[in-house]
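What follows is a short report on a single structure.
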Amino acid sequence: MASTSGTLINGLGSSFLCGGIRSQALWGASSIGPTVATPTATRKRKLIVVAAAPPKKSWLPAVKGGGNLVDPEWLDGSLPGDYGFDPLGLGKDPTFLKWYREAELIHGRWAMTAVVGIFIGQAWSGVPWFEAGADPGAIAPFSFGSLLGTQLLLMGWVESKRWVDFFNPKSQSVEWATPWSKTAENFANATGQQGYPGGKFFDPLGLAGTIRNGVYIPDYDKLERLQLAEIKHARIAMLAMLIFYFEAGQGKTPLGALGL
């Protein structure tokens with residue numbers, strides 16, 4: 001009888017019926033007698049959250065598939081404004097891709113400046129932008145030769161520095177590469193990204209960073225948003241300049257096309 005009762009108690013105290021080790025301990029304490037609970041080693045659990053990479057944006061979001069025409073494998077979406085548009089495969093080589101992005105950025109910045117200048121210039125003087133240089137009433141304190149020579153000298157110096165820095169980054173922020181040794185640090189790349197030098201000289205308003213104790217500290221979240229906004233505006237400005245050229249061929253101006 002004693003063995004039967006012991007068997008029954010052991011069966012009722014099984015993990016299947018009592019729900020685990022803790023229930024078994026309570027059952028044994030209430031049925032058999034006092035027991036000494038042995039502490040169990042606790043394990044520290046770490047929750048590792050891995051953020052999924054954002055999906056690549058496409059210039060044809062409604063089209064699925066299409067191979068490299070719609071989703072080129074050499075464009076991973078890391079560049080600002082990268083929507084996978086490269087139907088000619090110009091960016092297959094990473095070196096050429098870097099150069100084309102530099103060229104797009106520089107041409108876009110010039111186009112944005114030109115568009116603003118064309119509108120303001122014609123609104124101020126009334127002279128179409130494609131006739132401004134030949135207008136006899138244009139006010140110029142210097143001759144065309146002086147203007148051309150000065151521009152070639154200054155632009156040549158700046159462009160040569162940009163060219164060398166592209167192939168040898170940070171090489172133009174040393175004292176011997178600048179005519180003013182005290183301003184050499186102003187030409188240093190404060191962001192570490194090609195084409196976006198930042199710093200006190202190129203970002204005096206602190207739009208993409210802050211200046212603390214005379215040291216420029218980039219804010220990469222702001223910089224990323226500004227990079228995307230800039231490249232979008234740059235592309236629109238380049239398209240606008242293309243339209244301006246077609247209009248000029250017909251003797252029309254942007255303000256005339258707008259009825260102003």
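Including glycine, each Cβ sits where the backbone N, Cα and C put it.
According to TrEMBL, the chlorophyll a binding site annotation covers Glu104, Glu230, Arg235. As annotated by TrEMBL, chlorophyll b 2 binding site applies to His107. The chlorophyll b 1 binding site annotation in TrEMBL covers Arg109.
Those same-chain residues not listed among Glu104, Glu230, Arg235 yet with C-beta within 8 angstroms of the centroid of the chlorophyll a site C-beta atoms are Gly81, Leu105, Gly108, Ile231, Lys232, His233, Ala234, Met238. Across the residues annotated as binding chlorophyll a (Glu104, Glu230, Arg235), the two Cα atoms farthest apart lie 11 Å from each other. Around Arg235 (chlorophyll a binding site), the same-chain residues at least 6 positions away in sequence with a Cβ under 8 Å from its Cβ are Gly81, Glu104, Gly108. Sequence-distant neighbours of the residue listed as 'chlorophyll b 2 binding site': residues of the same chain at least 6 apart with a C-beta under 8 Å from its C-beta are Ala234, Met238. Its Cβ taken as reference, Glu230 (chlorophyll a binding site) is surrounded by 18 other Cβ atoms within 10 Å in the chains shown. The residue listed as 'chlorophyll b 1 binding site' sits 8 Å from Glu230 (chlorophyll a binding site), taking the CA atoms of both as reference points.
For Glu104 (chlorophyll a binding site), the count of additional Cβ atoms within 10 Å of its Cβ stands at 17 [all protein chains shown].
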